[in-house]
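Peer 1: Encoded as structure tokens, here's the structure I'll be asking about.
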């Protein structure tokens, strides 16, 4: 039995369906990320789980307790759920210590000790407990918000895009630190984000939301390498989608014969490769006289961005499945290491590693 069960959840705002039949199971102590474009319903779902609003239809069950069943709902303060918002939502007139201990009873003899302990757990020095929120950095404020949420010993932690306002480097380190803290505490966690890389790196389970319901739920690896459809493939990362015919575990495509993840046979199909599966090796036009199954291209664009370089490669020879000519005239967009990326005008040999995914 799942720790959190969501079944058939619906929510309307007037004629607009914010949620249109959401189902989700979350295991105890796990981390789940809900990712999707703005307006897809992910924040509405978080508000219903937290108890800030009630669903029109559907059930929410947490650790065997029914929190919501249609319009009947347990109040937010009785759910045992912690929430960390995007801006931290700290009280500006309170000290950091009082922010962390806001939900604790004033008469608790161990209140001060617990506040110091929580500050230590989230990586804050006790010296800052007498400061005000405006005296802290964005990363420190988010740690305070997390400590405040953990102070109530929640059964479930909800993170509503808590890292989006942080600088890129700090965002990555904070995400890793928060994941480790929550895992060590054994707290089941749901992260809502519009950042695909954040969702894939943070969670053991990722749910892609579109138009008020989940399009696909699974492990980060399965969603990235075996997306259900083209929309999910392109939403989760750069995608190379090619026409192909499938037979005997291989695809005949504009990039040649490529191993695929199915043994089905199809005359017409679409396959997915990720740009990192395409290898490049410098050569010359004279070096293009290899075996017939070799594929060559010319670099037509190169955009340096430090550690990475985005390059466009126009195929110079391609194979002959349907639409091959059109694909041959469309450059492949690839990301390679910025240290030794080929320059515009260079000739490269292309190779494919791993298997391509065949869309169902």
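Each Cβ is built from the backbone N, Cα and C atoms, and glycine gets one as well.
According to Swiss-Prot, the ATP binding site annotation covers 36, 37, 38, 39, 40, 41, 42, 43. According to Swiss-Prot, the feature domain 'ABC transporter' maps to 4-236, an assignment based on sequence analysis.
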Peer 1: Give me the long-range Cβ neighbours of residue 38 (ATP binding site): same chain, 6+ apart, Cβ under 8 Å, in sequence order.
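Peer 2: Spatial neighbours, sequence-distant, of residue 38 (ATP binding site): 194.
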Peer 1: Can you give me the average pLDDT across the domain 'ABC transporter' (4-236), rounded to a whole number?
Peer 2: 91
Peer 1: Identify which of the binding-site residues 36, 39 has its Cβ surrounded by the largest number of other Cβ atoms within 10 Å, counting every protein chain shown.
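Peer 2: That would be 36, with the most Cβ atoms nearby.
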Peer 1: Would you list the other residues of this chain near ATP - those whose C-beta lies within 8 angstroms of the C-beta centroid of 36, 37, 38, 39, 40, 41, 42, 43 - in sequence order?
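Peer 2: The surrounding set, listed in chain order, is 194, 209.
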Peer 1: Quick check: in three-state DSSP terms, what is residue 42 (ATP binding site)?
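Peer 2: In three-state terms, residue 42 (ATP binding site) counts as helix.
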Peer 1: For residue 40 (ATP binding site), what is the tally of other C-beta atoms lying within 10 angstroms of its C-beta?
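Peer 2: There are 22 such Cβ atoms around residue 40 (ATP binding site).
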Peer 1: Fewest other C-beta atoms within 10 angstroms of its own C-beta: which of the binding-site residues 37, 41 fits that?
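Peer 2: Sparsest of the binding-site residues 37, 41 by Cβ contacts within 10 Å: 37.
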